[in-house]
Amino acid sequence: MRFSYVTLFEGLIASYFEDSILKRAIAKELLSVEFFNPRDYTLNKHGKVDDYQASGGAGLVLFPQPLFDLLRSIKHSSPEAYIIFPTPSGKLFTQNDAKRLAKKKHLVFVSGRYEGIDERVIETFADELFCIGDYVLTGGELPSLVMSDAISRNIKGVLGNEDSLSMESFESPLLEAPCFSKPPIYESKSVPSEFLKGNHAKITSLKNKMSESKTKYFRPDLFSRFSAKH
Ligand code: ADE
């Protein structure tokens with residue numbers, strides 16, 4: 001998988017890859033990461049990329065020319081490039097999207113800053129628009145990272161242990177059961193005693209019950225979908 005990030009702030013994204021599981025995936029050549037700065041594509045001598053909104057109103061918008069030239073050149077050298085714009089007005093990004101996009105060869109994430117990106121860029125180049133949650137961030141860099149992290153862990157070989165993929169929350173319709181480690185009692189709080197007895201059928205059944213109660217409590221929306229099917 002090739003990830004390209006179009007951003008004015010490469011450092012925000014690059015630092016994540018210095019210290020994560022994804023660093024190992026890059027070393028194993030399962031992933032490659034590259035950056036494109038719209039400022040390098042401006043025709044004005046000051047490297048200006050933003051301007052006032054045509055409609056008036058506060059805030060600057062990234063104007064079309066640098067992004068058109070940049071994205072055209074990416075598409076020209078990599079026709080399979082699939083272009084994603086993170087934006088609060090996109091559809092909600094889910095685990096299904098992460099799995100589906102993990103099958104692509106080349107994903108391009110275009111991060112806006114300021115008030116946003118001129119709509120004509122989006123109209124011309126977007127394959128998909130995604131929102132990562134109902135809140136507004138100061139730019140597209142964090143959402144791009146969130147999505148690329150979720151996507152890359154679905155690429156074969158990126159996680160050391162492929163089992164960790166199939167058992168986890170959102171792979172199943174319920175949230176994951178709580179997990180515990182050693183010691184059995186810590187500050188008078190105990191690991192559920194069933195977990196310590198080694199009967200795997202009983203442990204699984206208890207974990208399923210815990211999953212259900214946790215989902216019912218924290219995510220009633222997921223729980224009703226689950227109940228409707230079971
Ligand atoms: N840009 C700013 N906020 C965002 C969000 N919640 N999701 C995706 N892109 C964004």
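We number each residue from 1, going along the chain as drawn.
Cβ from N, Cα, C; glycine included.
Per TrEMBL, the features are as follows:
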BINDING   Gly112, Ile132, Gly133, Asp134, Tyr135, Val136, Leu137  S-adenosyl-L-methionine binding site
DOMAIN    1-224  domain 'tRNA methyltransferase TRMD/TRM10-type'
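Overlay of TrEMBL feature records on the structure.
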residue: Gly112; record: S-adenosyl-L-methionine binding site; CB count, 10 Å: 25
residue: Ile132; record: S-adenosyl-L-methionine binding site; CB count, 10 Å: 21
residue: Gly133; record: S-adenosyl-L-methionine binding site; CB count, 10 Å: 11
residue: Asp134; record: S-adenosyl-L-methionine binding site; CB count, 10 Å: 7
residue: Tyr135; record: S-adenosyl-L-methionine binding site; CB count, 10 Å: 7
residue: Val136; record: S-adenosyl-L-methionine binding site; CB count, 10 Å: 8
residue: Leu137; record: S-adenosyl-L-methionine binding site; CB count, 10 Å: 13
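According to its DSSP assignment, Gly133 (S-adenosyl-L-methionine binding site) is coil. Between the farthest pair of Cα atoms in the S-adenosyl-L-methionine binding residues (Gly112, Ile132, Gly133, Asp134, Tyr135, Val136, Leu137), the distance is 17 Å. Ligand 1 lies under 6 Å from the Cβ of the following binding-site residues, listed in sequence order from Gly112, Ile132, Gly133, Asp134, Val136, Leu137: Ile132, Gly133, Val136, Leu137.
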